[in-house]
């Protein structure tokens, strides 16, 4: 292989710290392997491979590296078969130090354990086991602090816990611990948090590190705004510009220039307070361009909005008030820091007791062995010096993803402390996408800025720290690279993304395709073949709107824009936005793989000749930013379209029916007196009982557990068939329970499968192979659990339940192979390091996840903790200035990460790149942006970046297609019509066939047979209370449907203005109500009201502000989303909280006699339900009771209704029957009289008594 000049320089450069900035597709791994081969095979004294330390990011990468080096040595030995040194390297390869950082640390600890007084028989704990152990330890630590009951601790709990749950505080401590552990000296980092709040004066606040961050941010924004004003002034000075606006703009410019002279927080605060924009002149001018006039107005509005945002974000209080808020939280933050330190010590003690280590321990124990502090300086230890003598060079792959701990470890074993530079670091900061794992791309960036590109200075001194850029891409077609460059030179900056994406950072075409197919060969290609080779990058959008412009999308943009419109009736089919986008992708995939007209890809045949072959499904990958909620939609849609697709979601394991059934089985083997698992197993294929049979078993003993009822029925039941089935099941269960004492869990699971044949059952189900693989995975995890420190069935069940709780999901088992002809769907993170002929980057319009920005306390590696100031006495909450700074810094860091994630996605494509998204409005199709710092930090999704960037720099190779929503629906309707016609034609052919009359008569007789129990056969086994209303005895079907439709229509008329009036009753506005909400159906709104009222603690609501406080708490605790809360009329909820019935509810709550959202199932005779039946058959009635409470020994039944209703009679007509059945259920189940039934209408604000 011919190396480029830069690649050869990387391979040959020695005896210095070398930073290689390797762009996507630049052959980084090949160059690294060649450098290693060169070092161990060339020169007078070539190295042995075990004199090198090669650090990779993953075990798979280490194995791949070892394999590549082995193959390269094999090739060398073919050339020089008698070279003994090469033979030696091949024999040393398996023991060579090609490893991950954690494996290296483990090796250090095993060799130097005596330096830190560690028991050498330690085990490395499973990550899932560590997660559970953390949960146990934090609970114990909190319990200890509760016993001590310090004032500031209780204030911490009261401020940051929600709904009598300490989970938010537990999660906060664990997050703080994780942040601390990414620092080389975590205890010191936590102690500094305490110090950062010990401010003696405003001057101390002004000197804080985070204050400089704020002032720098304001300075950057003001610089951007000045450019906008200058751009507006320039437009005004043009021939047809609005010259009359110049005085106002010049005034604006002067005002911003004065602002930029400030250098302190107080100075900025006073200056922002005085800002006043003069009005634009209303003087009429002839020959002024309306477009230029509008553009100037728009630029000025952007400036005014930015100034207003800065004022609201950072100067909403005086400097003194900001200082006082920080002082007020100092005690609580000190407790939080100490609480985390206590957790750290208790967690370490527990691991020491069990003699286990986790990944953090590997890094920090290795660090303790390798560095020590002397006179305030960190220096290498004797152990580090020994290792530095062993390794001639340290080569670090994916260096952009290192953290500070790893950097300190590897630096300690280099020879830098003695003036010898021997570190080789390779990576691409533009592909640093692991900030969520606390990677620090800043380490790479610092060297990128400080390492020179020269070999030696003007005086001939060798440059000991050099940088070499590998910018040629040997992966992608030129059109893909041009597109990536055109987009990122606009959106990636040093401020957002960490890199100035200039000519030096851009991707250079490596001419791979010309090398594969020389010019003379390419010229021989037919026009038909050339037409099928990729020559563009596509953006496919789905829109609900039609384009109103006369010439569609063909304009002066220079891009090929096409809107595909068809006449259709969309009422027949409804799709979500994700489904519509997925269908657009499916349509394009079908076009790509069309063997006659589709895309041709360059490849080699079996003889190694270059060919162009049709694209296959396995050439295609769909990349998503997040798999949750997206991958399943794309898989299902593609499968419906006849396109095999597979997604490795990494989640959903615990929700699969086979795993839920087996876990329930294990639960009842451990303790059969658990009703839900017991009933679940009986109803599953393992038990084989019907719901009717379960009801009969339950009725045998309603006062005890389901298990007791089953035992009783097995002995005394009336149905012999049920008795026999129960005896078999219970006999099996008791045998399994007897086995628990001496049977390992994985063998117990296998025994369940053997006894029940359940594995064979699931294999016969759709997706049987995957289901069986999921069961095998459960057995594997049981084996792994048994190797840990926990043991026993009880602890295994608890282990699984906590994994589920903390979302440590295994993901469903993978059964798809890389050679299967199927479309792969994967996350962008999983695609890193991979390449694909055809890449779809989908979900561009998905909003960035900024959920972390909304927490009450924010964390930052550099600035520590940013809390809210919570005044418990007045029940108010204010962001501290420190929190605002961390919030803004985290937002900028997150957006930078999103840019790098997008870069990774787009650079995976070899031949064809297609991007897809959903367009809110056709106007957005033409939006352009200057991508100033302020605009960059305001984007919400990838489409906000890609589409304006394409419009800013239109190119012929940019192909934009917009599918109207109806297009996709129309196509599906056409398919349905064709399918229906095909079926009718098939039916007609069958009917027209010549038939045997005897057979025909026999069939008629059988079909006309009158079954004597047909009425009973049509009975439903189970009904909901709501369904009872549709039975003719109460409301005839037609009336019911008319009533239901009218209620939905009325409910949907509750608009945004009504909600706004509700939340403006008090000055304090909760966070969730600060954004406009969208319309919602009456049914969904009712569900939301029920959820809020179920969670609401009425005893804490004395006034409207209390209600808002409680509702904000629900959102922070994750009980309900901000968007959903904004859809409710809070006035209705507050009115209910002050009602007489609410006071009775609170009284019952105080007495412990209040019950909410209780499910029930009762059995009634069919003749008591259906007017035309005299059957004694049992029908199950199922429902959920909103509220009931006990009062003076009797029950009161309360039901909330959120319907639009004009009077009480309407609600009674709709719901009287429902409440009567609720009453029957309560009296039958609890054997107590219901003395009163009440409907509370949230719309009318009334309690309505219901009489039978």
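The backbone N, Cα and C atoms fix where each Cβ goes, glycine too.
Per TrEMBL, domain 'UvrD-like helicase ATP-binding' is recorded for 1-477.
In sequence order, 7, 470, 472, 474 are the residues near residue 27 (ATP binding site), counting only same-chain partners six or more apart with C-beta under 8 A. According to TrEMBL, the ATP binding site annotation covers 22, 23, 24, 25, 26, 27, 28, 29.
If you look up TrEMBL, you'll see 530-833 marked as domain 'UvrD-like helicase C-terminal'.
Counting every protein chain shown, the Cβ of residue 24 (ATP binding site) has 23 other Cβ atoms within 10 Å.
Within 8 Å of the centroid of the Cβ atoms of 22, 23, 24, 25, 26, 27, 28, 29, where the record puts ATP, the same chain has further Cβ atoms from 31, 428, 470, 473, 474, 475. Of all Cβ atoms in the protein chains displayed, 24 besides its own lie within 10 Å of the Cβ of residue 23 (ATP binding site). Counting other Cβ atoms within 10 Å of each Cβ, the lowest count among the binding-site residues 26, 29 belongs to 29. Each of the binding-site residues 22, 25, 28 was scored by the number of other CB atoms within 10 Å of its CB, and the largest score is that of 22. Confidence over the domain 'UvrD-like helicase C-terminal' (530-833), given as mean pLDDT on the 0 to 100 scale, stands at 83. Following the DSSP three-state reduction, the secondary structure of residue 22 (ATP binding site) is strand.
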